[in-house]
Amino acid sequence: MSRTNLPIQPAKMSDATSSKPQIFSIQDLKQAASDKMSQMYRDYYNGGAMDNITLATNEAAFDRYLLRPRVLRNVSNIDMTTTLWGTKAALPLGVSPSAMHRLAHADGEVGTSKACAARHIPMILSALSNDTLEDVSGQSSDGSTPYAIQVSPFKNRQITTNLLNRAKAAGYKAVVLTVDAPMFGRRLDDLRNGFSVPPGFSFPNLSAQTQSGSGGLGGGIPDLSFDTGATWEEKIAWMKSQTDLQLWVKGVTSPLDAQIAIEQGVDGIIISNHGGRQLDTTPATIDILREIAPVAKGKTRIAIDGGFRRGSDIFKAVALGADFVFVGRIAIWGLAYDGSNGVGLALDLLINEFKLCMGLAGCSKISDITPAHLSLLNAKGVLEGVY
């Protein structure tokens, strides 16, 4: 099925006002986007597993890390650029994989990609996307924006092989293996809402035999059984035998697993608790980064997602040792608010906030950002070093 024939699911459910609200922050954007979505899809994107404790903790944890700016530094020329997957990126910010962008807006993943490509922001495409991986990467007409394809440990390995081959041919730079979801988390809002997707919703990157049934998320989701017997040694070796794309693993939350990932020779890890959507009451990812960075820094690339809402949050992650930060819901909120233009608005907010934070903290380039720019406010209200 071609992209133009894919069903369109309007996100807006009310025409109470034709004027757009003023958006000055990601929190403004979240509210405006949520107002446009139906309850079912708003709860699907905004909610987490069980009691949403991890979801809330991911965001709240940033408030304990306080900025310690250096002054009288030359910040007349701020360079935010870095590299990812062997390609230059505008700043250490990318878009995480999230499924079914067309539930938020008809622009879908192509709309998200268009906004990313215009700003040289890397994007990880979910296997459960509504647009073809070729159309998504095609938004970077000159190939200067790096893309990665996300895969899960599917029991049917031909699904993974097909995705890897297509991604390689389409110029993708990496594959991101999700390792924290051998089964779906218990998401109470989705159960209460009877979550399903519109009839005829398509997943063009998956083989025809997976296109019917329920994959554990709800009605209309492809029947994708996960390999619950997958192990580090066997799975990583098999993935490497199937592709020469960079191999990253997403969903690492233990220093012990970070060490195993290094031993298995992965190119990078993404510290992630799935945005609080899998196992509730896990620690905030920014706190986990503080544990993992001393183990992994200099041995593999370190990225992180979960709870990022401000440019200063990105700064804090870099100061703690992250090479890169990914955001998922923020792109969805932008998409729901105003399609591809809304994604651009979301990214611009973070870009401008990050640049401002660098300047006010006395940093003119990424390598200037160090742990000395942070203090941790402990439970006694006393500032202490982060390392």
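Keep in mind that glycine also has a Cβ here, set from the backbone N, Cα and C atoms.
Small disclaimer: the values here were computed from a predicted structure and weren't measured.
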Residue among Arg186, Arg187, Arg192 sharing the 2-oxocarboxylate site, where Swiss-Prot lists Tyr44, Arg277 as binders: Arg187
Region 'Disordered' according to Swiss-Prot, located in which of 1-20, 141-160: 1-20
Recorded FMN site member, picked from Lys88, Lys250, Lys365, Lys380, that accompanies Ser126, Gln150, Thr178, Asp305, Gly306, Gly307, Phe308, Arg309, Gly328, Arg329 in Swiss-Prot: Lys250
Pairwise Cα distance for Arg187 (2-oxocarboxylate binding site)/Arg309 (FMN binding site) [Å, integer]: 22
Cα-to-Cα gap, Asp305 (FMN binding site) vs His274 (active site, proton acceptor), nearest whole Å: 8
Neighbourhood of Thr178 (FMN binding site) by C-beta distance under 8 A, where only residues 6 or more apart in the same chain count: Pro97, Gln150, Val151, Ser152, Pro153, Lys250, Gly251
Nearest-integer angstrom distance between the alpha carbons (Cα) of Ser126 (FMN binding site) and His274 (active site, proton acceptor): 13
Cα-Cα distance linking Tyr44 (2-oxocarboxylate binding site) and Arg309 (FMN binding site), given in Å to the nearest integer: 18
Long-range Cβ environment of His274 (active site, proton acceptor), under 8 Å and at least 6 residues apart: Asp180, Ala181, Gly185, Gly251
Structural state of Arg277 (2-oxocarboxylate binding site), classified by DSSP into three states: coil
